[in-house]
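Have a look at the structure below, then the notes.
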Amino acid sequence: MATDSPSTTSPSTPSPSTISPSTTQVIRQASIVGLDLGLDLGLDLGLARESGLEDAASDERVNVEGTADVLIKAGRIEAIAPTLTDLPADTQIINGRGQFLGPGLIDLYSQSGQPGHESRETYESLSRAAAAGGFTRVGLLPNTEPAVDSASVMAAIQRANSATRVSSAALAAHSAAPENRSQLLPWATITLGAQGKQLTELAELAAAGALGFTDGEPIVNRVLLRRLLEYMQPLKKPVALWPCDPNLAEAGVVREGPQALRLGLPGVSAIAETTALATLLECIAEIPAWVHVMRISTARGVALLRQAKAQGLPVSASVPWHHLVFDTQDLEGYDPSLRHSPPLGNPADRQALIAGVADGVIDAIAIDHSPYTYEEKTVAFDTAPPGAIGLELALPVLWQTFVSGAQSDTRLSPAQLWQALSAGPAQCLGLTPPRLAVGSPAELVLFDPNAEWSVLPENLRSLSSNTPWLNQTIKGKVSHIWTPTFLAD
Amino acid sequence: MTNLPWNRHHIISLADFIPAEYDSILQTALSFQGVLARRTKKVPTLQGQVVANLFFEPSTRTRSSFELAAKRLSADTLNFSPGSSSLTKGETILDTAKTYLAMGTDLMVIRHSGSGVPATIALEMDRLGVGVGVLNAGDGQHEHPSQALLDLLTLCNDLNPEQPSIEDLRGKKVAIVGDILHSRVARSNLWSLTACGAEVHLAAPPTLLPKAFLEAFSAPLITPTGQTIERKVFVHWQLLPALENADFVMALRLQKERMSGHLLPSLREYHQQFGITRDRLKHCAPNVKILHPGPTNRGVEITSDLMDDPKLSLVSKQVASGVAVRMALLYLMGGAKH
């Protein structure tokens with residue numbers, strides 16, 4: 001397929017073998033996450049946040065318990081009602097009782113091993129892992145080997161997408177139906193080879209369908225940063241930047257503080273993040289480019305963002321999900337899967353990050369899925385490559401931690417969590433958020449918060465199993481996912 | 001030596017060691033000091049057991065000390081060092097440990113340049129349920145428990161040569177001077193000395209002694225019986241307040257590579273500001289003694305003549321204590337169960 005050009009690779013043609021236009025399904029009595037109350041209306045977040053399910057329950061389309069029947073026909077949401085009757089005889093009935101139905105989740109940035117490290121993850125395995133975790137679309141970080149710094153490398157991802165097909169098959173391990181796959185959205189690099197030295201052909205990559213631009217690594221050269229922001233203004237694509245000064249981060253592997261000292265691990269000062277963030281915010285104040293701040297990880301960083309947003313700077317931000325769940329106090333066992341970059345925060349950082357998600361200063365929770373093989377990760381903590389897998393674990397663990405469990409002082413409503421994992425990321429990317437509304441494409445997730453499963457390599461679709469939950473049992477599983485084919489731009 | 005309080009299978013960190021355990025180690029080490037003073041310096045305690053010294057990070061002194069300790073206990077010893085290893089060929093740290101496990105190793109003595117490696121191997125041994133004990137012989141900048149314990153023996157021997165006891169440490173002032181930030185010796189000593197009731201005064205420039213050390217190491221020790229022991233830690237960015245009436249001064253090795261990270265302007269200035277000299281020792285208690293975990297940069301952290309002054313320096317006693325303490329640890333971890 002060497003002749004493939006972006007214009008011919010998308011949109012992909014739906015394959016009749018996996019999607020039948022006549023398929024009709026009804027999901028019975030699932031709890032509806034936020035319905036479409038504000039979830040897709042960026043400016044009306046307060047409503048969704050405060051109302052949650054209680055307001056949804058006052059909607060005439062749901063029962064007092066906030067449950068409803070949802071009818072899906074030919075890939076669209078046909079009807080939502082407290083109870084649907086007179087359905088066609090061949091309607092597939094899915095029992096949603098005790099489960100939550102919400103719009104599909106969108107991940108801002110995750111790493112594939114392909115190209116370069118296919119033993120860690122391939123497009124195929126990543127796409128299946130994402131779907132298993134409730135993500136209908138995933139932004140793919142471009143700092144692979146080779147990097148996604150040209151339209152031809154990007155076309156390979158777009159081709160992989162054409163293998164992505166819709167199906168509403170249950171995700172049961174022994175399902176005979178074809179496995180669901182999430183749509184992979186390629187970020188392109190800012191600089192050639194993600195080396196931070198020379199700009200890629202930004203306009204061509206933008207036209208070829210890049211989701212946006214990021215190196216997945218800090219941009220150190222401030223002249224390059226300034227020119228990038230200037231040049232990007234007419235291109236209508238987001239630039240995702242990780243505020244980090246690698247010189248200040250030195251060889252640190254954990255967040256500086258008492259726990260780092262006790263553990264004897266070299267620390268990274270918060271100023272490695274905050275000085276880079278302050279620089280970036282000052283640049284945006286002068287050059288109103290479309291910037292997304294990725295991997296915010298410190299309390300002071302959240303404070304700077306809050307201030308910037310209050311001043312009206314056009315900036316959005318995301319936090320990697322591990323940073324909401326873990327902090328330096330969890331490092332006693334030196335689990336290399338808890339080595340992240342930026343490092344996990346101190347307890348006060350984690351609390352500030354959670355508060356930032358709750359009040360919307362942080363627009364989205366990113367998964368930042370980083371697969372590494374067993375032999376790559378089974379080394380000393382300080383030499384382990386940073387990152388962990390997360391696509392299949394984030395929703396259950398975040399739900400357990402912030403929605404149903406009492407493991408945190410700050411609780412999130414189902415609608416708040418969904419906002420940060422679905423509409424929030426979509427808005428950061430300028431994508432139309434998936435909606436749970438009549439007439440909308442069926443881009444949906446049915447989540448069973450009580451299903452228990454063991455995190456074992458054989459139960460993970462990801463090829464890697466570098467996660468702190470390995471060999472543990474967790475609660476919560478996506479039971480069904482609907483990933484539309486016509487999402488390709 | 002049969003009814004000492006001891007139920008640890010591994011020695012990774014001294015953070016949660018309680019006074020009774022330090023006392024067990026001290027009393028056991030004192031008995032072995034008796035053995036080492038005899039004509040026949042060997043006991044059959046660990047006969048038939050295999051002690052593997054897995055020294056991923058090169059070390060001659062500590063490894064020799066552990067090897068001698070194991071041999072004095074009649075154990076068979078295996079030595080692993082990175083020069084002869086396949087670590088660079090994709091073998092993981094757990095693969096190495098499992099190889100030595102397969103050879104029938106009973107105790108693993110582990111040194112690694114990365115903090116946490118002994119802990120990781122100990123967890124894996126527990127997961128496998130093989131009953132192998134792991135002794136941390138120095139991991140990264142984390143801990144070096146056997147060094148702190150031999151320091152403890154050295155201090156107690158000095159305070160009360162007739163009947164050494166950890167009780168003698170109560171209220172004593174110990175100054176630890178130098179590159180605290182990068183020192184695993186300082187960390188282990190902080191835990192052991194404060195648990196035994198000594199005041200620990202740290203002294204270094206702020207770049208080598210972040211303020212957070214205070215918070216990091218002064219959380220009270222809660223014993224299993226619910227007793228609370230306050231830890232007395234002090235942070236000084238100047239030398240003299242730390243030396244004031246100090247009973248012991250421990251100087252730490254200053255690595256020359258600290259210059260490249262802008263942590264210090266020069267070794268010369270460091271010596272001017274924090275070097276231990278005869279003159280400065282006048283601020284200490286009259287019977288002050290000096291310790292150094294070695295190897296020493298003579299003329300940097302301590303002047304050469306102090307190192308060699310037998311009335312002041314406990315350095316050679318530290319080395320001698322090392323074998324007895326390591327025998328005690330191997331005995332308590334392995335030999336005591338037979």
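Glycine residues also receive a Cβ, built from the backbone N, Cα and C atoms like all the rest.
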From B:ARG8, B:ARG111, B:ARG258, the one annotated by TrEMBL with B:ARG61, B:THR62, B:HIS144, B:GLN147, B:GLY294, B:PRO295 for carbamoyl phosphate: B:ARG111
Reported mean pLDDT - the domain 'Aspartate/ornithine carbamoyltransferase Asp/Orn-binding' (B:171-333): 95
DSSP-derived structure type at B:GLN147 (carbamoyl phosphate binding site), helix or strand or else coil: helix
The one of B:GLY294, B:PRO295 whose CB sees the fewest other CB atoms within 10 Å, among these binding-site residues: B:PRO295
Secondary structure tally of the domain 'Aspartate/ornithine carbamoyltransferase carbamoyl-P binding' (B:10-155) (DSSP, helix then strand then coil): 69 helix, 26 strand, 51 coil
Sparsest-packed of the listed binding-site residues (B:ARG61, B:ARG111, B:HIS144, B:ARG184, B:ARG253) - C-beta count within 10 angstroms: B:ARG61
Inter-residue C-alpha distance, B:ARG253 (L-aspartate binding site) and B:HIS144 (carbamoyl phosphate binding site) (nearest angstrom): 14
Cβ within 8 Å of the mean position of the Cβ atoms of B:ARG61, B:THR62, B:ARG111, B:HIS144, B:GLN147, B:GLY294, B:PRO295: remaining residues of the chain near carbamoyl phosphate: B:SER59, B:SER65, B:GLY138, B:VAL185, B:PRO293
Spatial neighbours of B:THR62 (carbamoyl phosphate binding site) that are distant in sequence (at least 6 apart) but have CB under 8 A: B:PHE55, B:ARG111, B:ALA137, B:GLY138, B:SER146, B:GLN147, B:GLY322
B:ARG184 (L-aspartate binding site) and B:GLY294 (carbamoyl phosphate binding site), distance between Cα atoms, whole Å: 13
